[in-house]
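Below is one structure, written out as structure tokens; the observations come after it.
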Amino acid sequence: MVSLGGIARKLFGSSNDRRVKSYQPNVVAINALEEQMRALSDEALAAKTVEFRQQLADGKTLDDILVPAFAVAREASRRVLGMRPFDVQLIGGMILHSNAIAEMKTGEGKTLVGTLPVYLNALAGKGVHVVTVNDYLAQRDSATMGRLYGFLGMRTGVIVHGLSDDERRDAYACDITYATNNELGFDYLRDNMKYDRGQMVQRGHNFAIVDEVDSILVDEARTPLIISGPLDDRSDLYITIDAFIPGLTKDDYEIDEKQRSANFSEDGTEKLETMLREAGLLKGESLYDVENVAIVHHINNALKAHKLFQRDKDYIVRNDEVVIIDEFTGRMMPGRRYSDGQHQALEAKERVQIQPENQTLAQITFQNYFRMYDKLAGMTGTASTEAEEFGNIYGLDVIEVPTNLPIQRIDEDDEVYRTHEEKFKAIIAEILEAHKRDQPVLVGTTSIEKSELLAELMRKQGFTNFQVLNARYHEQEAYIVAQAGVPGAVTIATNMAGRGTDIQLGGNLEMRVERDLHEVEPGPERDAAIARIAEEIQVLKQRSIAAGGLYVIASERHESRRIDNQLRGRSGRQGDPGRSKFYLSLQDDLMRIFGSDRMDGMLQKLGLKEGEAIVHPWINKALERAQKKVEARNFDIRKNVLKYDDVLNDQRKVIFEQRVELMDATDLTETVGDMRHDVIEDLVSKHIPERAYAEQWDADGLKTAVANFFDLDLPIHDWVKEEGIAEDDIRARLTEVAEKAAAEKAERFGPEIMTYVERSIVLQTLDNLWREHIVNLDHLRSVIGFRGYAQRDPLQEYKAEAFELFQALLNNLRQAVTAQLSRVELVQQPAEPQPPAMHGSHIDATTGQDEFAPLAMINETVVSPENRDPQNPTTWGRIGRNEACPCGSGKKYKHCHGAFENNEVV
């Protein structure tokens, strides 16, 4: 039965259809200019950039020049890249320019679509940021698309981990900058910890196009980016606490997998109190006494490490380190660390070296970072399921771009088995069947553990002709994924295979050329070899198509429908045939957590025998409902995080704006003078209250305070004994003496040095107090939820108390700066203030725990070629992957010594 809404959509078209149609006149206009642009010489086409910039300077808007600018970018793309954007890609580009999200299916050329609005918006000269999910994609896309922008007279920069501040500053100064979301966020935080405006690297937030926008703005949104510094080493305590956990039984604790929480029962608490008392770690009688808060925290982390975190699913142990696995992508995140002691608890569990804990120095969520941009847009293949969130939080519409060719992929109903064993048996049988008919197969798993289990089961069946792609072997990721479309190929992959690299039927020409011809110099011989490879790929493609195209088999449903859709979307690109199917069991995490007991009983009543599956659209709908529940819960979490983070964000903006003003100021005399005046006001009000009798004045307290804050020994006792003296008189005398002392110091130092000293002291003091403030807000937030039991709104309570804490911060700043400036003396060479040792982190999106990564301010130095010893790699410094290897082999670094970086022997 067709719904009324369905009838209306057929008659009038959906809102999405109407929005797409609204761009059609511009498409027609761009196409009308095609012949004219094609007739231009390379020089004349490139000169259009200067012409457009002049038009903008004369008062035209970007919208006014959209049609000719898109026509120029399209023609330049055809000449430089050999790719001409289709009409639907022009529409995608216009969607991005209009501050919206373009939902485009896999293989529809999102990277090429981005070049059109990037070129148009870069003409304004304010910079455009193209945001990717990893360094590999940032480098790949900037290198490829940089040729196009360079042809049109624009500079392209790329920000990746390991660049110096000078390199970052230069990259941000380019017309177009490619970077990962993490690098952008960390650079923003680090910039706001600098002590000189000239040291800052970013130049503003004009326009950002976020690739894989759902991954960055949704999956990562509930977890802040954090810059932190090391605390004292407490590794012995972690090891001692860890030893208690194996002595507990199941009755001693409760695990909630839905909420990812672990708590001790009453019996468990008593048992732990006995253990801690014997170890001399318990203070007082009860574990939950105030003085035992830190111990409770350690014990909870140890319990989570053993009962919630699974090795080879949540993390792996590699090179004697605990390395986090991203649950959304399956990728390893080397250097990232959980915060709050959780990573140390895992290190104690795995008996590897325990690294020191960290203290938060600065933090921001991606939600608040990306909302700073004047214009924001995004691209992805899967955004419609989160359209409400994009609209509510970022003000972004999601517009589905039609595919250039109809999708031919067949999405089959799920098959549900009772146990893992039955499910994997069915999957292997299906893989072998597809392999017999030469059909390429991509098998998606949710964890490393599952991918390796499936691989082992296949080996036991005697089948070894497959590739395994998971976080253990991520170095080979791009090539394995690129070749997954070859006839008969079987690729077992975690979620990481879902993004970044296209699976092309028959294989990927670019990857084949790089692998097979990297030692062949450019020339006729190389050109002929490329032509041979291209011909071979075409033959293989036809074989893959004849076998039914790429067959995506999923071994489990993810809690997010988007991740499932991404996996499905690997098949059926650009009108190719394809097929997808999910194999599930009642023991899968999603089924088990969301009420599979009922379903198991029902299947038994239906008489389902071992090895048999149930296939029914009702199952798909039930699973979709479960996934929607999880997505709704996660959306609520993200909305809640944002409400609280907005409080911190407002305060962060004030502090960061103040820092910039302080760095820009040429004279801080008035600023520190106001602080000094406020301190005097506070001291007099506190020790000589208004309308109090002279006998009630606290002369001793005032004298001590003046000595502490102004380094002055004043006859305050004599002043208060004078006949008829009032608090205003004392205030005036204090002000006069303090101003005179400050003026004498300023004259002694000289204006230039005095301003430098004032700026250094104010900035360093502000930074130290801001760090303490972040910790205080974290503590406040961790307990504010209990106010709900008293029928008070925790958010409103948090806002009120956060404001009081902020007022206290400003008051402490005035006092600390005044006291330090009163005592500061001139030394021969004033030391440049140095930022603290820093680490970066981004909390894992699925567990709500931090992931800490050491991010040095400057990680590696660049060494000039003449200072490199070919025999000693330690003298080489940082080397670009495409540079010649310093060893003298003649090969590119990535194909010589660079090939050994980060690899492990498997």
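Cβ coordinates are placed from backbone N, Cα and C, and glycine is handled just like the others.
Features of the protein shown, as given by Swiss-Prot:
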{"type": "BINDING", "residues": "Gln89, Gly107, Glu108, Gly109, Lys110, Thr111, Asp502", "note": "ATP binding site"}
{"type": "BINDING", "residues": "Cys885, Cys887, Cys896, His897", "note": "Zn(2+) binding site"}
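Taking the features listed in Swiss-Prot, we show where each one sits on the structure.
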residue : record              : CB count, 10 Å
Gln89   : ATP binding site    : 26
Gly107  : ATP binding site    : 22
Glu108  : ATP binding site    : 23
Gly109  : ATP binding site    : 18
Lys110  : ATP binding site    : 23
Thr111  : ATP binding site    : 17
Asp502  : ATP binding site    : 18
Cys885  : Zn(2+) binding site : 20
Next item on the list: Using C-alpha atoms only, work out the spacing between Asp502 (ATP binding site) and Cys885 (Zn(2+) binding site) and round it to an integer in Å.
Entry: 29
Item checked: Spatial neighbour of Cys885 (Zn(2+) binding site) that is closest, considering only the binding-site residues Gln89, Glu108, Lys110 and their CA atoms -> Lys110
Note to self: On the three-state reduction of DSSP, what should I expect for Lys110 (ATP binding site)?
What the structure shows: helix
Check: Given the ATP site residues Gln89, Gly107, Glu108, Gly109, Lys110, Thr111, Asp502, which other residues of that chain have a Cβ within 8 Å of the mean position of their Cβ atoms, reported in sequence order?
Finding: Met104, Thr106, Leu112, Val113
Check: Widest Cα span across the ATP binders Gln89, Gly107, Glu108, Gly109, Lys110, Thr111, Asp502, in Å?
Finding: 17
